[in-house]
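For 12-33, 39-60, 81-101, 116-136, 143-163, 183-203, 215-238, 266-291, 303-319, 331-352, the entry in TrEMBL reads transmembrane segment.
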Amino acid sequence: MESGRISERQLVGLIVVSVLATGLIYVPSSLLANSGRDAYLVLPLSAVLGLPAVWLIGSLCQRCPRAGALALFTDLLGKPLGTGVALAYVGFFFITVLTIVDPGGAMIRTAFMPDTPMLLLVFLLTALAGYGVYLGLETLARFNAFVMPPMFLTFVVLALANYNHFNFDHLLPPLEHGLDPVWTGVVDPVGWFTQIILVLFFIPEVRHINRRTLLSTVIINTLAFEFLILIILATMGAKLPSFYEFPTLELARIATFGGSVRGYDALIMTVWVTAVSLKVALWLYAGLVLLGDIFRLQNRGSLLPPLIVLISITAYAGVDNIWQMSHYGRSIWPHFALPTFEVGIPFLLYVISLCKRRRRASGRGGGSAGRQRGS
């Protein structure tokens, strides 16, 4: 695995694409199922709730600007408990990779290669991500510079191609059933926004991390998801998309330019699969680097081949169908990750760091007072 350092701007780009890669597919279906017509009102509230969590993660990054996550854990929790928390995060990263790889392979098969064995598609997607891990974070950041423009262009194409189908009456009346639908859907987007926890494990390879810059990732992703939700609601209403597993793809299938140019679902899939492979690489990279730090491995890249095979087989055999895995990724994963690995543990670490800082400050104050009395 090659080493290299990335800029703060490159880090933001990686996080934004990582969230949008699967959020483009999962977030609309989750919001429309939970909140219906009021889905577009959920995202601003989710962003407000997500900003403190992102600020918290940024504060932890500044707490230990040059050391890795393992050093931060062991410094605050002690070596045994800190190592245990690090191993738990390794498991969390690999579980997240499984939730991305399996539906990714299934959608590639549905859209492009219906006769290709599912295991082969999952293996190819994982191997492609593994090769990105081998090249290093700096290479992934440079590749991401070519992925971001087409991804955001996708939103523009969807809006222009469906403009003739827009009916903004689908957005009215707001809050018809009160605030309950809004509060019902607010948790899932927060879980996606706080995937920025990845930053904590890239600390040594980023030149500088600023909390305000990290907060911008939430704003960018909120605007992107809000734009997409408004397009879906204005085009198809609130009830029809809730019957689809992936409303974004259905939106692309009905899109036309001049009534004749179609096939935007292939465009969406191409961009999405590219971004998903990048996201898998990021999560796999974080888990592999942390695992190497725990066991003090000199050559982390040697773990890649067996890990790729293990993830491919587990992802293929772990679920019965794409709907089961997509339900987990869309509705269960945010409720599992948010209170534990994304916010719960970082909050605990932040509180411990504050207590230790105050104890050290009071110790210095007591020592200086004693020296003054002695003199």
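Cβ from N, Cα, C; glycine included.
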Problem - Residue numbers, six or more beyond the limits of the transmembrane segment (266-291), whose CB comes under 8 Å of its CB atoms - result: 1, 14, 17-18, 20-22, 24-25, 68-70, 86, 89-90, 93-94, 96-97, 100-101, 104, 107-108, 111-112, 125-126, 128-130, 132-133, 137, 140, 143-144, 147, 150-151, 154, 157-158, 198, 201-202, 248-249, 252, 297, 300, 303-304, 307, 311
Handout entry: Interface check, the transmembrane segment (143-163) with the transmembrane segment (12-33), three or more C-beta pairs under 8 A
Key = yes
Practice task
Report, as numbers and ranges, which residues of the same chain sit near the transmembrane segment (215-238): CB under 8 Å and 6 or more residues beyond its ends.
Solution key: 12, 15-16, 19-20, 23-24, 27-28, 31-32, 36-37, 39-40, 43-44, 46-47, 50-51, 54-55, 58, 152, 155, 158-159, 162, 165-168, 170-171, 189, 192-193, 196, 247-248, 250-251, 254
Handout entry: Contact between the transmembrane segment (116-136) and the transmembrane segment (39-60) (3 or more Cβ pairs under 8 Å, separation 6+)
Key = no
Problem - Top Cβ-contact partner of the transmembrane segment (12-33) among 183-203, 303-319, 331-352 (pairs under 8 Å) - result: 183-203
Practice task
Look at every Cβ pair spanning the transmembrane segment (303-319) and the transmembrane segment (39-60), keep those 6 or more apart in sequence, and say whether at least 3 of them are under 8 Å.
Solution key: no
Problem - Selected stretch (most C-beta pairs under 8 A with the transmembrane segment (331-352)) from 39-60, 81-101, 183-203 - result: 183-203
